[in-house]
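Below: the structure, in structure tokens.
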Amino acid sequence: MNRPVRAERLTQLPVPDKHRTRGEARPSKRGLVRTLSLVLVHVLVLVHVAHWKITGRTFTPLEPSEAMQTLELGHVNAGFVLFILLILSTLLFGRFFCGWACHVMAYQDGASWILRRLGIEPKPIRSRLLFLVPFGAAFYMFVWPSLTRMIKGHPFPALEAHFATESFWQTFPGPIVSIIIILVCGPILVYFLGSKAFCSYGCPYGAFFGAVDAVAPGRIRVNDACEQCGICTQVCTSNVRVSEEVAKFRAVVDTGCMKTLDCVSACPKEALSFGPAKPGLLQWSAIRKKKRRVYDFTWTEEIVLLAVFLVSGYCWRGLYEEVPFLLAVGLSILTAFAVLILWRFVRSRDFTFQRHVVRSAGRPTRAGLVLVPLLVAYVFLTGHSGFVQYHAKEGVRLLKKAEGTADPASRDELVDDSLEHLQLADRWGLVSAGGTHLQIGSILRSKGDLEGAENEMRKAIAADPSMRTPYFELASLLIRRGALEDAKPVLEELLRRDPENAQARDWLQRLEKDIEEKYTP
């Protein structure tokens, strides 16, 4: 049964939890073992990277997102095999991978540990609609590409084994973006939404594992020694109300249970254990009748949350050609909740967030004077990102439209409009985007502004040295104005980054011949 939040309780976020415990929780014996398990995962990642660096070739990344290449390109890789094995293991044992081997879980657990040491213990914030985000993300990543292929009548690509790669890091973000991902999915979301925040609201793999967990026989179960002390709920970092579930269903049926086993270890009566039990899906009717759910938002607020999330997704996805999909999901979740927190702050005479009083008797407290400006700045940053994103995307759209336009006058008008949008995106952007500079440079070259085109190509290379086209474009422009000696290091740098680039090697050989002939009497 779903219980909506009453108006008089809108002054506190999250809604106060009336759960009470009897007695003290004993330290979990599993905590250290699980920490070592998560550390071992990162050690193995480092070993994998080191093997690639030393040999120049290694297994494809053991990352579930690599399964997208299997569905889109037919490349059966190590990530796809791992994903299938994890789903099969979840089918039997439940979500053990999430609790014991996920690197994002490690960031969240580490963030929770640090925050506790600072005296901050965020409580989970519960939303009805945003719990659907992981399923939407999973659909977008793994179903949508195949669905669009079917709609267009294209056949599924033939499956080929791709278990080795020389470009191990090609599908991963750079160091700065990686640090931002760790901060957003770790301490930031954990502080605002509670432990396992990204697991609950953003993880597409968790959507698969959660769905499969519903039919898994492996569960936390209870025996008759249970005295309903509630300690199991207190220590659960998966935000599961363990004591209520075992009392009603004799086992934990919540698919959010990540099998950390902290509840098993902390139970003073040793009443909990892991073992076979009736799957949650087979108890669905009873669960709907008996399970008590408390949410933190009214339905109007839920709709606003989802709407802000979707708009924010447009603002963040692919911003500056750097923000990957899952980081955009995390940033959009943060934007949605930031808007709701600010709305509660404005409309409430007294408002408490995560047990910090931020507004009292109509006036902001010290905590409010810190929190509110930060949230306002972040929402403004999201809006600014949307402005830049719009002009960058519109510029690309108009340029593509111009390429398919036969009428010269209409084509020139579209190109001019495209250039205006792209230059606006570049002027207002906080980070230089290589693709934007490449497109601006190409337009300027077509208009005869060779000096401007050359400058844009240099900016494109500086912004994204991994791009190949700007090197060729810049070398071509330099050769065109007779600066052969300046073009040579451009091609040499491209070959240094991409030694197998036959076109660059051919260009360089011809250029060296031209330089030799130039200085030969």
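Any Cβ shown, glycine's included, is placed from N, Cα and C.
Feature annotation from TrEMBL assigns region 'Disordered' to 1-28. Taken from TrEMBL, the feature compositional bias 'Basic and acidic residues' applies to 16-27. Annotated transmembrane segment per TrEMBL: 32-52, 80-107, 128-147, 167-193, 297-319, 325-346, 367-387, in sequence order. Residues or ranges marked as domain '4Fe-4S ferredoxin-type' by TrEMBL: 218-246, 249-277. If you look up TrEMBL, you'll see 434-467 marked as repeat 'TPR'.
Beyond its flanks by at least six residues, the transmembrane segment (167-193) meets 48-49, 52, 58, 60-61, 63, 65-66, 104, 107-108, 110-112, 114-115, 120, 122, 124-125, 200-202, 322-324, 326-327, 330-331, 333-334, 337-338, 341, 354 of its own chain at Cβ-Cβ distances under 8 Å. The DSSP breakdown of the domain '4Fe-4S ferredoxin-type' (249-277) into helical (H, G, I), extended (E, B) and coil residues amounts to 6 helix, 6 strand, 17 coil. Residues 2, 65, 67-68, 71-72, 156, 200-208, 210, 295, 297, 299, 302-303, 305-306, 309, 325-326, 329, 333, 336 of the same chain lie 6+ residues outside the transmembrane segment (128-147) yet bring a C-beta within less than 8 angstroms of a C-beta in it.
Residues of the repeat 'TPR' (434-467) grouped by DSSP class, helix first, strand second and coil last, total 27 helix, 0 strand, 7 coil. Mean per-residue pLDDT, taken over the domain '4Fe-4S ferredoxin-type' (218-246), amounts to 91. DSSP assignment over the domain '4Fe-4S ferredoxin-type' (218-246) gives 10 helix, 5 strand, 14 coil. Taking Cβ pairs closer than 8 Å, the transmembrane segment (297-319) reaches residues 4-5, 10, 127-130, 133, 325, 327-329, 331-333, 335-337, 339-340, 343, 382-383, 385-386, 388-389 in its own chain, all 6 or more past its ends. Panel annotation: around the transmembrane segment (32-52), residues 58-59, 61-62, 99-103, 105-106, 109, 168-169, 260-261 of the same chain, lying at least six beyond its termini, place a Cβ under 8 Å from a Cβ of the stretch.
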